[in-house]
Every structure is written in structure tokens, then in C-alpha cells.
């Protein structure tokens with residue numbers, strides 16, 4: 001039955017438009033013949049803010065909410081620009097979208113793809129997914145300052161953990177693990193020190209685990225997790241954690257699997273009540289913008305996550321396979337740098353070959 005995907009596209013700043021352009025080319029090539037793509041571009045980002053004074057208005061949110069999904073490039077301007085200080089774009093755009101659209105799952109697959117060199121001497125088979133809670137923890141904005149600027153200043157940042165928020169995240173992790181070959185969930189926290197929040201997470205995992213007898217479960221403190229990520233990353237299958245620990249884990253996970261230049265992510269609302277957003281993890285790199293130097297691989301892998309989320313797993317697998325083939329060919333062939341468009345061309349050729 002014919003289907004149309006309504007996609008909001010936010011190219012953003014710096015290299016964002018270049019990598020998104022290639023990601024869209026791959027997406028159009030990957031979707032099945034009975035699926036059409038209807039894209040609407042939005043100008044949000046640092047450049048838009050500097051021109052208009054607006055970051056993301058209520059009417060912007062209402063427009064974005066009408067789409068099936070969002071593809072984001074990268075946002076952020078010149079870090080030396082005082083008008084952009086304090087993470088104003090990241091908070092006003094990315095975090096605002098996350099909370100407004102209840103993106104309570106931050107999904108970060110970590111795979112050491114063929115031809116990619118890990119900084120680890122013997123990484124083994126690296127293939128795991130981090131399920132990070134996305135709307136609570138210390139990022140919820142529950143905190144404040146008293147006596148600012150004095151020697152008696154008090155700053156608080158409260159980590160918010162609700163039974164509802166923890167359970168829906170844990171259930172997502174177990175559902176995901178049950179579909180994977182190794183079927184294993186690792187809870188990462190610091191229950192020996194953060195006893196109140198840690199207890200809530202552990203009790204929730206224990207309760208949900210009882211409903212999934214086919215899924216193995218273990219627990220690691222976050223500091224031990226950091227050690228195992230660099231000494232034995234192949235032990236992990238699905239990691240579930242809170243917002244702060246998940247944020248830290250995912251960056252190290254990207255580093256051991258080739259760097260953030262290859263890392264894709266999904267900010268997901270699994271209920272479908274709002275569109276989920278998919279993006280490369282890397283920044284806007286304004287120093288190389290417009291020079292065709294940026295590698296669009298992470299943006300293309302974000303398209304794979306997008307397709308899988310929209311119920312097109314075969315198309316998603318084809319995109320990942322095409323990226324894997326291109327990375328392997330790069331490692332075996334000419335090491336000379338390729339332009340952004342040339343990488344897109346190569347992935348599309350690989351897609352066509354594996355159709």
C-alpha cells in the first residue's frame with residue numbers, strides 16, 4: 001500500500017547542510033518503491049537566531065509536530081561569538097525539542113564497522129546499544145542559585161527520577177534486548193552512593209526483568225562501566241542508564257568505535273505521539289563549513305535509525321550495509337580524502353549494488 005513519509009529537515013549550521021544533503025540523497029535511494037518522501041526544510045540554528053532573534057517558537061513546534069520524523073544536521077555557530085554563549089542554541093533548540101516532544105529515549109547504537117580502526121588494541125566484537133533516559137535526571141532544570149557571586153554562593157542541580165520515567169525507559173531497553181541476538185541488559189548507575197535514585201532504577205529493572213525471562217540482566221557502577229568500555233566492550237549488548245550517566249557513556253562508546261564522526265543518534269518518542277528526531281552526534285564544525293570536507297557517514301547512519309523507527313527495517317539494514325561496504329572499501333583502497341558528495345555517491349552506489 002502506498003505510503004508517504006512527512007519529514008522535517010533541519011540542516012542547521014556549519015557542515016550541517018552538507019551532511020544532511022547527502023543523507024537525504026541516500027534516504028531517497030533507500031526507501032521502497034511504494035514509499036514517497038515529502039520533506040519540509042526549517043532554518044533553525046545559530047544562523048537563524050542571529051538573523052531573527054528567535055530560536056524555536058511555539059508556532060515552530062506546532063509545525064514540526066505535524067511531521068512523522070525530524071532529520072537534523074548540526075547546530076551551533078562560532079564558539080567565539082558572545083551572542084551564542086552559554087549554550088543558548090543547544091538549550092533553546094535541542095533541549096526544548098526533547099522536552100516538548102517527550103523524546104524520553106536517546107538511542108545510541110555502537111558498532112565497530114568493517115574498515116574502522118578503534119583506538120583500542122583488541123576491542124573484540126563491538127556491537128551494543130545505549131538506551132539513555134532523555135527527559136529527566138539533572139537535565140530537567142530543577143535547581144537554582146542563592147547568593148550568586150558571593151563567597152556563600154549555593155548552586156544546586158537536582159536529579160529528577162520518576163517511577164514513570166524510569167519504567168518506560170527500562171521497558172524500552174528490555175523490549176529492544178529481546179529482539180537482539182544476545183538478549184542482555186546492563187543497568188549502569190551508582191547505586192552505592194546515589195541510593196535513592198539508584199534504588200528506583202534497580203527495583204524497576206528487577207520488576208521488568210521478571211517479565212522477560214529470556215533476557216539476561218546485570219548491573220555495573222558507572223565507573224566500572226568506563227573501565228569495561230575500554231578493556232572489554234564486547235561484553236555489552238543493551239546498556240540502560242539515566243540521563244547524565246548515559247550522556248557520558250555514549251561519548252566514550254563513540255570514541256572506541258571510530259569517533260563521533262561516525263556516531264548516529266535518535267531522540268525517540270516510542271509512542272508516536274510526537275515526531276522523533278535523528279541526527280549525527282558531531283557538531284557543526286564551522287571551520288570547515290562549505291568546503292566539502294565533512295564526512296556525512298554519521299548523518300547517513302542516522303537515516304538508518306530513522307527508517308527503522310518508521311517501520312522500514314529492511315531499508316534501514318540496506319543503508320547500514322551500504323555504509324559498512326563503503327567503510328571497508330575506504331580501508332582497502334585509496335586513502336586520499338574524499339569530498340562530502342563523493343562519500344554520498346559511494347554509499348548510493350553500494351545501495352544500488354545491494355538492492
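Glycine residues also receive a Cβ, built from the backbone N, Cα and C atoms like all the rest.
Annotated features in Swiss-Prot:
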BINDING   98, 108, 132, 223  substrate binding site
BINDING   223, 247, 251  Mg(2+) binding site
BINDING   283, 284, 285, 286, 287, 288, 289, 290, 291, 292, 293, 294, 295  NAD(+) binding site
SITE      139  site 'Important for catalysis'
SITE      190  site 'Important for catalysis'
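Using a 10 Å Cβ-Cβ cutoff, residue 289 (NAD(+) binding site) registers 17 neighbours. In this structure, residue 132 (substrate binding site) is part of a beta strand by DSSP. Taking the binding-site residues 108, 132, 251, 291 in turn and counting surrounding C-beta atoms within 10 angstroms, the largest count is reached at 132. In this structure the alpha carbons, written CA, of residue 139 (site 'Important for catalysis') and residue 287 (NAD(+) binding site) are 29 Å apart.
Taking 108, 132, 223 as the binding-site residues under consideration, the smallest Cα distance to residue 295 (NAD(+) binding site) is found for 108. If you compare Cα positions, residue 289 (NAD(+) binding site) sits closest to 247 out of the recorded positions 190, 223, 247. Residue 108 (substrate binding site) is 21 Å away from residue 285 (NAD(+) binding site) when you measure Cα to Cα. Closest in space to residue 291 (NAD(+) binding site), of the recorded positions given as 98, 108, 190, 247, is 108, taking the CA atom of each residue.
Non-local contacts of residue 190 (site 'Important for catalysis') by the CB criterion (under 8 A, 6+ apart in sequence, same chain) comprise 198, 221, 222, 223, 245. Apart from 223, 247, 251, the residues listed for Mg(2+), the same chain places the Cβ atoms of 222, 226, 244, 245, 246, 248, 249, 250, 252 within 8 Å of the centroid of those Cβ atoms.
Here residue 132 (substrate binding site) is positioned 20 angstrom away from residue 283 (NAD(+) binding site), judged by their C-alpha atoms. Residues 98, 108, 132, 223 are the ones the record ties to substrate, and the longest Cα gap between any two of them is 27 Å.
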